[in-house]
Amino acid sequence: MGVKGLNKLIKEHSPNAYKEYQLKNLFGRKVAIDASMCLYQFLISVRQSDGQQLTNDDGETTSHLSGIFYRTIKMVENNIKPVYVFDGKPPVLKGGELEKRLLRREEAQKQKDALKDEGTVEDHLKFEKRLVRVSREQNEEAKKLLELMGIPIVEAPCEAEAQCAELARGGKVYAAASEDMDTLCYEPPQLLRHLTFAEARKIPIDEISYKEAMAGLDMNKEQFVDLCILLGCDYCETIRGVGPVTAYKLIKEHGSLEKIVEWIEKGNTKYTVPENWPYAEARELFLNPEVKKASDISLKWKEPDVEGLIEYMVKGKGFSEDRIRSGAEKLKKGLKGGVQGRLDSFFTVVKKDDGKDKKRKSTAKDTKSKKQKK
């Protein structure tokens with residue numbers, strides 16, 4: 001689900017935290033990708049001309065495999081090395097959010113069924129997309145495909161976003177990539193959004209600097225996590241009626257959720273704290289997530305198993321042999337070259353002197369000269 005209103009809040013208070021660029025600008029980078037999130041995107045966006053998901057002759061959905069295969073190749077062609085991180089078991093606190101998602105899908109199914117032969121094609125597609133979920137089988141299919149492609153995968157013990165952030169903090173990759181803004185709660189040096197979007201959508205990649213975001217918001221990591229819980233996260237409900245502006249104001253004024261709760265319970269406001277609100281437990285999940293240590297993880301990109309890809313994707317899933325072979329050759333070529341060094345890793349950026357700086361230096365020099373003459 002992410003954190004409601006966080007993106008807008010950071011843009012308002014920390015505009016310097018954002019960079020926008022194209023895929024090619026990530027040349028030479030290693031990136032940890034939230035696999036479940038990108039599979040969900042592919043199931044929604046990779047469609048036939050009639051809006052239906054891609055399927056093979058047996059009626060099996062293949063949108064997720066097509067998306068993973070071609071987008072990964074595009075990254076490798078741009079000298080980017082991706083690693084896909086898969087979710088493990090969800091935290092107990094997330095059970096409520098998962099139940100809500102199930103209820104929303106059931107409601108969408110009822111609304112879709114109610115349309116029957118009525119309504120527009122767009123109406124039917126709208127409800128169909130709300131029904132999308134990534135199944136365990138689709139996760140396993142994606143893992144098998146990535147292994148055949150020679151792309152490393154990591155199975156997180158719990159949340160994939162937390163594991164992506166751990167890999168970035170540990171220096172194994174440059175950034176964590178996910179659409180979920182709550183990834184920032186796990187302190188990745190950089191968060192990439194829209195990385196797995198198709199280039200045809202013409203949506204630039206967003207890079208958010210954690211350090212710059214905290215500087216602009218003027219918060220430490222504990223306060224930032226409390227802000228995200230107050231805005232609304234996957235682990236617990238929030239205080240009804242508190243939006244982004246109010247949430248930010250409350251954290252700045254009181255400093256922590258404990259003090260906000262204390263202030264509310266003294267009757268100083270119209271807000272009501274949810275009964276048995278587990279905000280402290282939610283905070284702990286963000287500050288001390290269950291992850292594999294980056295130092296214990298070895299990431300290796302290997303040469304693709306071309307014949308294995310043909311067997312799995314062509315014979316097993318009904319893809320075009322010519323396209324799979326062509327894609328495999330691009331992958332082979334890209335991975336063989338390795339990640340080339342970036343120019344910014346060899347040079348230190350030096351601030352340029354503008355006209356004013358030169359003028360100031362000249363004035364200072366003249367003043368010093370005059371003093372010496374005296």
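Just so you know, glycine gets a Cβ as well, placed from its N, Cα and C.
Site annotation (Swiss-Prot, ligand Mg(2+) 2) includes D180, D182; from D87, D218, D226, D234, the additional listed residue is D234. Annotated Mg(2+) 1-binding residues in Swiss-Prot are D87, E159, E161, and among D34, D57, D58, D206 the one listed with them is D34.
Matching 258-266, 276-284, 285-293, 339-347 against Swiss-Prot, the residues noted as region 'Interaction with PCNA' span 339-347.
The average pLDDT the prediction assigns to the region 'I-domain' (123-254) is 91. Across the structure, D234 (DNA binding site) and E159 (Mg(2+) 1 binding site) are spaced 11 Å apart at their Cα atoms. Note on the region 'I-domain' (123-254): DSSP counts are 71 helix, 15 strand, 46 coil.
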